[in-house]
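Colleague: Marked as transmembrane segment by Swiss-Prot on the basis of similarity to another entry: 33-53, 77-98, 113-133, 178-198, 226-246, 288-308, 320-340, 347-367. The heme b b562 binding site annotation in Swiss-Prot covers 83, 182. The heme b b566 binding site feature in Swiss-Prot is assigned to 97, 196. Among the features that Swiss-Prot reports, ubiquinone binding site is placed at 201, with the record citing similarity to another entry.
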């Protein structure tokens, strides 16, 4: 069996990635989220596949087909609730995974980091088109508002929006193509995740100290497989608790009403995981400026490796940068809260302040703190 595991062309790849992989001996529970994201993706693809068997991508039938899944399909309610709340778990793990990457300096593996940012964009696109499918009020108006942002692009904006809609408004053709995108994109994510892993295994994992761990490595199995199973058990427990006891806690009540183009909901807002970006978008009064700020809020992740000024990789021994990191985290919580509030004072000014602070910490304060810490470490004699 050992020979087969180590010599068979296909098994060898699996063995080198998940069994005999040399891993640093000191990686903490923050390194669990990669495997949790993989499990989330598989869960979403499986539950999504069963939902797609019963879903009808037609404006007259979409809402009813989702109700039919919940009422008449065996365990349809559970599959639907697992899929909807699975998206929330996915983003929770994703944001913690990115946060860990920033805190411990994992972004210095540039190829892995860049593929990760592309993955983030793809997951966000998938979640957005998926949210439109139940064809409730918030689905319809969310699709209308977000696709309309492209009309801010000079010259080609309006044409581009109508091209995406497949008509002069969000309608049947929009829903059909969004369903097609939502079906294909998870497989693109799967392919990108494999490339992400490929680049990671070129260098090996980083560790909390940020020091080269080559002198002290242990096999991935059984040490980290057991550790990952613990994280997985906790995540599945939280997901099942959500799906079974309060499946609608993270959703929007407006989505229980079928889409009505003649009636606009009082507060159009996306799911909780997009609220921080939505707050940044709304904090700029100009439409094009808002769209650019929205893009910049995610694209700025690509600049983080270039803004690294410290001699140390991790924030473990850098108290000033640590403080800034936690201020940034608190700022993102504030932005998430503001994104769910109506556009009125004092929310407008809080959102604008939080948006400025977000960019300021990443572009100016963190690099300055790195330089200061580097200076403080220089011998003064």
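Cβ coordinates are placed from backbone N, Cα and C, and glycine is handled just like the others.
Can you tell me where each of these features sits in this structure?
Modeller: Remote same-chain partners of the transmembrane segment (77-98), defined as residues 6 or more beyond its termini with a Cβ less than 8 Å from a stretch Cβ, comprise 30, 33-34, 36-37, 40-41, 43-44, 47-48, 50-51, 66, 69-71, 116, 120, 123, 127, 130, 235, 238-240, 242-244, 247, 250-251, 271-273, 301.
Using a 10 Å radius centred on the Cβ of residue 182 (heme b b562 binding site) and all shown protein chains, the other Cβ atoms total 22.
When other Cβ atoms within 10 Å of the Cβ of residue 97 (heme b b566 binding site) are tallied across all protein chains shown, the result is 20.
Within the same chain, residues 55, 57, 62, 66, 87, 90-91, 94, 98, 101, 106-107, 139-140, 142-143, 146, 174-175, 178-179, 181-182, 185-186, 188-189, 192-193, 195-196, 199, 270-271, 273-274, 298-299, 301-302, 304-305 sit at least 6 positions outside the transmembrane segment (113-133) and bring their C-beta atoms closer than 8 Å to a C-beta of that stretch.
Counting residues 6+ beyond its ends, the transmembrane segment (178-198) has Cβ neighbours under 8 Å at 17, 37-38, 41, 44-45, 48, 52, 55, 57, 112, 115-116, 118-119, 122-123, 125-126, 129-130, 132-133, 143 in the same chain.
In sequence order, 16, 17, 21 are the residues near residue 201 (ubiquinone binding site), counting only same-chain partners six or more apart with C-beta under 8 A.
Sequence-distant contacts of the transmembrane segment (288-308) (same chain, at least 6 residues past either end, Cβ-Cβ under 8 Å): 98, 102, 105, 107-108, 110, 113-114, 117, 120-121, 124, 149-150, 152-154, 276-278, 280-282, 355, 358-359, 362-363, 366-367, 370.
Here the transmembrane segment (320-340) has Cβ contacts under 8 Å with residues 99, 102-103, 269-270, 272, 274-280, 282, 310, 347, 350-351, 354-355, 357-358, 361-362, 365-366, 369-370, 372-373 of the same chain, all six or more residues outside its ends.
Listed as Cβ neighbours of the transmembrane segment (347-367) (distance under 8 Å, sequence separation of 6 or more from its ends, same chain) are residues 279-280, 282-284, 293, 296-297, 300, 303-304, 307-309, 321, 324-325, 327-328, 331-332, 334-335, 338-339, 341.
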Colleague: Could you pull out which residues elsewhere in the chain have a CB under 8 Å from any CB of the transmembrane segment (226-246), counting only those six or more residues past its ends?
Modeller: 29, 32-33, 35-36, 39-40, 43, 78, 81-82, 85-86, 88-89, 93
Colleague: Looking only at residues six or more beyond either end of the transmembrane segment (33-53), which have a C-beta under 8 A from one in the stretch?
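Modeller: Here the qualifying positions are 69, 79-80, 82-83, 86-87, 89-90, 93-94, 96-97, 100, 182-183, 186-187, 189-190, 193, 228, 231-232, 235, 239.
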Colleague: Return only the integer: C-alpha distance in Å from residue 196 (heme b b566 binding site) to residue 83 (heme b b562 binding site).
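Modeller: The Cα atom of residue 196 (heme b b566 binding site) is 24 Å away from the Cα atom of residue 83 (heme b b562 binding site).
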